[in-house]
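What Swiss-Prot lists as active site is 291. Annotation comment: Swiss-Prot describes 65, 105, 343, 410, 421, 462, 623, 766 as N-linked glycosylation site, evidence class sequence analysis. According to Swiss-Prot, the signal peptide annotation covers 1-23, on the basis of sequence analysis.
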């Protein structure tokens with residue numbers, strides 16, 4: 001989300017510049033003036049009653065004018081304009097509802113690593129800490145008149161295809177990992193699980209099955225994602241189920257694409273039957289926004305309905321409450337006159353929106369709201385700086401090391417490549433200006449190194465004009481660092497990749513550097529992976545790190561790893577596929593399981609990876625032992641009966657305990673990844689393995705051990721039937737820890753008859769008469 005369809009981009013530009021023009025208070029005056037006479041200002045009433053009072057006082061024109069992301073308010077009532085569109089993917093981000101000052105207060109915010117790198121840390125507590133800081137800074141910007149209270153983050157679509165331009169915005173490819181990430185992120189952003197008074201509103205996007213931008217001429221605006229109930233339930237929806245049902249996020253964004261023939265923002269089954277009814281997401285102040293231009297796409301790109309009036313009605317009737325675009329304000333009056341929706345449907349949408357603002361304290365006296373006291377002094381604090389650094393260090397993954405790292409001494413280092421002196425490139429997308437960005441060169445100097453710098457080549461250049469200078473710099477150095485990979489000229493919103501090789505002639509330059517027989521370290525940046533086969537095979541490349549988009553702390557964090565100040569412990573949150581993979585399956589094929597024209601997707605269904613999901617090396621060695629070799633036995637009846645009022649799939653199946661021992665010489669964190677395999681259990685085909693739990697053990701000293709407890713939910717042991725039902729099957733199961741290690745395994749059995757834990761609502765079928773679906 002952010003790039004609009006062409007019809008709406010001038011509108012977005014106007015909104016952006018008008019938002020920069022004012023830093024007045026965003027809050028209404030409930031003490032004097034006309035709004036004080038409305039019960040929306042009566043703090044003794046519940047949020048819904050207060051919102052109903054406000055909506056009841058609006059004229060039809062005022063109602064319609066407030067269904068748009070930059071709502072005009074109602075001056076007659078004393079209701080100010082409000083911008084619902086604010087961004088904070090990895091820190092408060094510039095544009096639309098958010099404005100940064102040119103200097104001084106509110107001219108910067110903390111910039112954390114992009115979610116793909118934060119996801120590589122596999123640290124749920126860290127995710128919550130990062131989200132807590134982001135929400136505090138977001139609230140400070142709102143209180144200072146520089147932003148709204150609603151933030152359209154996080155992106156929790158799983159990173160299914162390595163070519164996806166927006167994979168960098170997600171924590172990875174695994175649905176359990178995404179689900180735990182979003183639970184803790186929403187907890188930190190909203191300040192609790194379903195709080196009566198959220199600090200800010202988070203928005204889980206893009207609902208659903210959205211992971212294509214523009215591939216081979218197929219654009220997201222018109223793409224129809226054809227997904228089976230099994231893949232939908234098992235892979236594309238779990239993170240959204242956790243976000244809404246369990247974490248109780250206050251907002252959801254429907255996506256550009258169609259799902260099985262129906263645009264998601266016009267899909268009543270998706271937004272009403274599944275989201276609100278089946279997942280129980282009907283609490284006060286929960287609302288749905290369309291992605292920016294998505295309601296326009298219903299008729300202009302998907303051709304699902306005949307015109308704008310039918311598109312507006314289709315979206316409103318399906319359960320979309322807010323339009324990030326102009327279709328609602330332009331066509332809702334005409335649609336009402338045609339009888340395409342009723343007035344109460346419009347009222348309900350506005351009540352959901354304004355009851356959310358009531359919960360946020362938008363209409364309350366500042367003295368009654370603890371979050372209203374958050375100010376500029378809580379932005380970019382020393383603790384936030386340290387957390388950004390820590391988050392970056394925790395996520396960096398070591399992919400190769402022949403003993404070159406950690407660096408043994410100072411001396412002269414040649415830093416070469418397009419990321420050698422990069423600044424904003426390190427941030428990825430949806431970024432705001434930080435106070436500083438630490439480059440690799442800055443970090444080298446501050447670690448006592450003499451630096452020889454030469455860029456050598458660009459990200460996607462085929463010119464070798466800079467090679468000679470780079471080779472000369474390398475010859476004068478004791479150690480060579482090549483910093484390259486991909487950036488947002490290669491992968492971004494609106495742009496997928498067509499290949500997953502290193503772009504341009506970067507590998508040619510690395511090859512020539514490797515011939516110098518100097519210690520050579522390659523630091524790979526970018527959200528998506530590239531095929532590292534040649535680097536892994538090249539004996540002249542001593543070490544290889546993946547650093548994602550590390551943001552403000554980037555160079556400093558990388559040098560902490562290079563010098564051994566910190567030990568690498570991150571794990572790949574995605575599969576690194578061979579370059580040939582893109583020739584085997586089109587991006588448009590949404591199927592996960594292997595077939596005649598699909599080699600399979602993600603580590604669960606594909607086993608020919610260059611580097612597998614969960615891979616990551618250390619400066620030390622570890623041993624893992626089970627505290628029990630066998631667990632159970634378990635019975636489907638007792639397991640499926642549940643012990644609390646929580647959904648049974650979230651209940652604890654068991655806690656599996658292991659002992660992790662540092663058998664090397666360097667203190668280090670260790671991420672315990674727990675995978676489940678089963679012997680012909682459930683429907684065919686059978687997954688290679690499934691992540692069912694993880695935990696990051698911190699600071700294990702040489703020779704020391706830590707007990708690690710891995711909680712596994714009932715839903716993690718279950719499998720998904722072809723109709724989408726979540727089913728617990730009897731059978732024999734095996735547990736293994738880590739990737740590519742020969743650690744002992746544990747086993748357990750489940751007896752009894754198969755038990756359905758969750759009946760997946762039957763998806764509606766695409767109707768051929770879609771144009772008339774929303775008629776009288």
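In case you wondered, yes, glycine gets a Cβ from its N, Cα and C as well.
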Practice prompt. Sort out the sequence-distant neighbours of residue 65 (N-linked glycosylation site) for me: same chain, 6+ apart, CB within less than 8 Å of its CB, listed by position.
Written response: 71, 72, 74, 329
Discussion item. At a 10 A cut-off on CB-CB distances, which of the glycosylation sites 105, 343, 410, 421, 462 has the highest count?
Written reply: 421
Worksheet item: Once the chains shown are all counted, how many other Cβ atoms turn up within 10 Å of the Cβ of residue 623 (N-linked glycosylation site)?
Response: 14
Response to the item:
recorded positions 291, 462, 623 vs residue 421 (N-linked glycosylation site), shortest C-alpha separation belongs to 462
Discussion item. If I take the alpha carbons of residue 343 (N-linked glycosylation site) and residue 410 (N-linked glycosylation site), what is the distance between them in whole Å?
Written reply: 72
Worksheet entry | Rounded distance in angstrom between the Cα atoms of residue 623 (N-linked glycosylation site) and residue 462 (N-linked glycosylation site) | 46
Worksheet item: Going by C-alpha positions, which of the recorded positions (105, 291, 462) is nearest residue 410 (N-linked glycosylation site)?
Response: 462
Discussion item. Just to verify a number: CA distance, residue 462 (N-linked glycosylation site) to residue 105 (N-linked glycosylation site), in angstrom, no decimals.
Written reply: 43
Worksheet item: In DSSP terms, helix, strand or coil for residue 65 (N-linked glycosylation site)?
Response: helix
Worksheet item: Between residue 105 (N-linked glycosylation site) and residue 291 (active site), what C-alpha distance do you get in Å?
Response: 31
Discussion item. According to DSSP, collapsed to three classes, what secondary structure does residue 623 (N-linked glycosylation site) have?
Written reply: strand
